[in-house]
Structure formats: structure tokens, C-alpha cells
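Q: Input: one structure, supplied below.
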Amino acid sequence: MKMKLTNLLHEFPELKLGSLPSGKNPDSVPIEYIQSDSRKTNPEDIFCVPESIGTKKGEFISNTKASVILLHRSSNISIDSSKIVLECEEDPEQLQGRIASFLLGHPSKTLEIVAVTGTNGKTSLTNILFALAKDQGKICGLIGTIGVKFGDRSIDTGYTTPDASSLNLILKQMKDEGVTTVFMEASSHGLKLGRIGGISLKAGVFTNLTQDHLDFHSDMEDYFESKFRLFEILDVSKSPFAVLDYSSPGGNELHRKIRNNLPDLPIKALDGIGGEYKVSNPFLTLQGTSYVLSLPGNRSQTISTNLLGSFNVRNTALAFLTGLGLGLDPKGMFSSLKEIPQIPGRFQIVYSKDRSRMAVVDYAHTPDALENIIRSVRNSRPKRLITLFGCGGDRDKTKRPKMARIAEELSDQVILTSDNPRSEKPEAILDEIQSGFSPGFTPLLREVDRARAISEGVGILPEGGCLLVAGKGHEEYQIIGKEKRHFSDVEEVRKAFGLF
């Protein structure tokens, strides 16, 4: 039997009827689902009107097919009298996930869901966890920046963390197709906007906290609080646990906050003071990475992986700790870590035909990520390291000069180009980046056309040299103005090397 509006009002007392058309009765109004995208609504849906859309509320409400409108009680908007209006005291987006979960029969309740948050490393860590669990027979799902993956399906959602309605629908699909374990990225946007509300989580994993998204968050404290929110919403009925990198930026502070506010939540901390899990003796090459991980009982294990870069020492160690919490076999994990499938756009190497030169494509688009990838590439001792990067338009502008300083200090030469300029003028973005260079420093090339910049960068690369192409990684598009064009760093590098 289809859900009725009266069932919803009973389940969520915070919802109040703002208006009910004459002749309508909550007992007879069918409710199919809830959506915050007016384009996805059907007549029996609820259109959730987020506060974040501001002055466009009226426009979206007039375009929706939904018969029920949910909005903040302070909204002063004229609504067609044929619509049913529901009101609430909080931002409706914060309720959306719980309502979506209720309407779908709480699909996440029977799933083992691990959410990973942090400025950098979310995509790599969730992909590593997916591989480890799958190798041990678990039927897994993956949700994140690269898309959604389960069974033979691969879906591009366009978001690191999909909106709450889409997320619950994805989880229901996964559950219906036999998935038992899900690894998902939890972005700070998703956490602050309530996209994970109503999701029953088994574990939360924290990688690090460095500057990003200050165009969205008021300051770093607000950014941190959004990350902490993940651990507050873990499902206590699932014996939840937390995993964090104590030595990473923000790790110490998060550990302390969890201890003070969530004293019953078990924590597995990497490199914590007095902790049982510590990393030592990392050895990095272009063939792979190895390190020693200390374990409880004065034991240790050398871990080897095909993944490259110092950051993957942290990622694989955190994945191992998370796997322990999920009951995965340690020996099986040690074996699986040796051959993790290439994560698209993460330290992805492309060699020239004769392998005398190489390019590294990486998603690094924050100061910390750029520094980490340049240092990791440096470990391969290229004869010359040229770093090519830009910064996204309509995003945090304060990181632009910082990334310039990092590129100048750690690279032999620098090429400036466009990332996703969006509504900003590409040359203006490059001006702001270039303001971070020291007096007298001039980039090797300044070219807003990213394809041309990559081609010229490869063209001047000497034998034994490396071109680091940073910022877009796996992305297969470039946003210029309002237009989303096909574009792939990997494709452009391969073209420049004459590989196709």
C-alpha cells in the first residue's frame, strides 16, 4: 500500500500542515517520494525546498510537478492553492534524508556502511576499502567523487556525496541487488547540508583537514565541525567505531573532540600517542610502496602495495585499520594491498612510447594535496619536474597564491593553465595564482587553453623528465562559463605523447 500524508505527519511531528486545498484529506493524499531537485519530481512527490537556493525558491516551486511542497516556515512565498504545503522550523534539507529513508523502508539499516571524510584521500581510501572487502567475498558498493559502483553498474552522480534523496535511492538499489557493504565519501558539504541524514552508518573514517572549501564554510572551524558531524551520526545500534589519522592535520583535535563528546565510541588511531598502530620505514619507488606497520602485542608487519606516493602509506594503513574493525582477515588484506586496481586520476602514470619520459595525472587541487603529490613525484628523482596546474573558478580564492608558492618551491619549472574556470575569467584566475610567486619568478608557460598547455609541456619535457598534471585527475570534462565540455587530462597527455 502506498504511503499516505497522514503516515508521514505521524512519523515526523516536526512537520506542520501550512495549507491544505479544499476537499483534500491527509488520509487520502498518496506520497511516493521526496526530492530537492524540482526536475525529478512526480505528482505524488514532496518537493523539498532547501534554504540554500535563496531567492530562486519561487521559480523552482512553480516548475515542480510535486503536489506537496516542504519549506521553512519563515518562507514568504506565494504558492499555487492546489498545492499542499508542509512547514518545518529547520532547513528542510536537514529533514530530507530521514524522510527519504522512511519512504523507502530504511534501506541503509541492513547495510554495513563506512563513510570516509577528510580534505584529501577520500576517493583513494574508499576505493582501497572496496578492493579489500571484495577480495574477502563481501558484495560491495562504492559511492564517491568518481561515481557510484556496484555489481556491473557504474553511475556518474556529479557529486562526492549525492543529495539525500538520490543517496537513499542508490542504497535501496544496492540492497535490492544483494550488496552488503558500502564505502562512501562524506564531503563537508554533504555533512553540513544533511545529505547523510537518515543513513545508518557503521563506521566513520577521517583522513586529514587542510584548507579547502572556504568559499562554502565560513572558516576552518566551521569546516572542522562539519567533519566532526560524521561521528555524531554513527548508528549506535551497529556497534560503530571511528578510524582516524592522529598525526594528520586535524587528527589530534578530532581525537580529543570525540573523546570528550562521544566517550563510548571506540577509536582506532593511526600514529596516536601511545597507540598500537604506527607507521615507520616508508620506502617509495615508481614500482610501488612499502612500510612497516606496528600492531598490538609488540608485533609488526611489512606492508607492500602497488599504489604510489607517500599519501598512500597513510591511505592503505587507514584502510587496514578500518578492515580490522569490519572483521576482515589481516593476512588477506596484506595480500590484497599488493595489487589494488589503479584509482583513476590518482598518481596515474602515463609513459612516452619509449618510456624515456613520463607524466603523472593527479586530482590534487588543494595546497596540501599539491605539496604531497609533488614531493611524492620527487621521490622518483626525475631529471626535471614540471608542474602544470590551475585553480577552479567560483571556489576558494585564498588557496591560489599558496599553491603557486608550493609549486615554485618544489618543482623545477611551473606551467599555469585553466582548471574549471566556471564563471570567472581564466586570465584573472591565473593573475591571482601568479601573485603567490616570489619576485622575479616567471612560470615556464602561462596558457589558459589546458589542452595546449599539456601539449607544450610534454613537448619541452627532456629525457628522464616528468610532467605533473594536477587538479582534474579523473574528470572527463571542463567547465567554462556555463558550458560543460568533454575534457580529459589523461587523454590529452596520451595525445601529446603520440599514443593515439
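The backbone N, Cα and C atoms fix where each Cβ goes, and this holds for glycine too.
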Q: Which of ARG384, ARG395, ARG446 shares the meso-2,6-diaminopimelate site with ASP419, ASN420, PRO421, ARG422, GLY471, GLU475 per Swiss-Prot?
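A: My reading of Swiss-Prot gives ARG395 as the candidate in that site.
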Q: Taking DSSP states H, G and I as helix and E and B as strand, how many residues of the motif 'Meso-diaminopimelate recognition motif' (419-422) are helix, strand and coil?
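A: Residue counts for the motif 'Meso-diaminopimelate recognition motif' (419-422) by secondary structure: 0 helix, 1 strand, 3 coil.
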Q: Of ARG395, ASP419, ASN420, GLY471, which is closest to ASN120 (ATP binding site) if I measure between C-alpha atoms? They're all binding-site residues.
A: GLY471
Q: 10 Å Cβ neighbour count around LYS227 (N6-carboxylysine)?
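A: Looking across every protein chain shown, the total is 25.
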Q: To the nearest Å, how far is the Cα of GLY118 (ATP binding site) from the Cα of LYS227 (N6-carboxylysine)?
A: 7
Q: I'd like the number of other C-beta atoms within 10 A of the C-beta of ARG422 (meso-2,6-diaminopimelate binding site), please.
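A: Result for ARG422 (meso-2,6-diaminopimelate binding site): 18 other Cβ atoms within 10 Å.
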Q: Looking only at the motif 'Meso-diaminopimelate recognition motif' (419-422), what is the mean pLDDT?
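A: That region's mean pLDDT is 98.
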Q: Tell me which of the recorded positions LYS227, ARG395, ASN420, GLU475 ends up closest to SER124 (ATP binding site) in space, Cα to Cα.
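A: Minimum Cα distance from SER124 (ATP binding site) across LYS227, ARG395, ASN420, GLU475 lands on GLU475.
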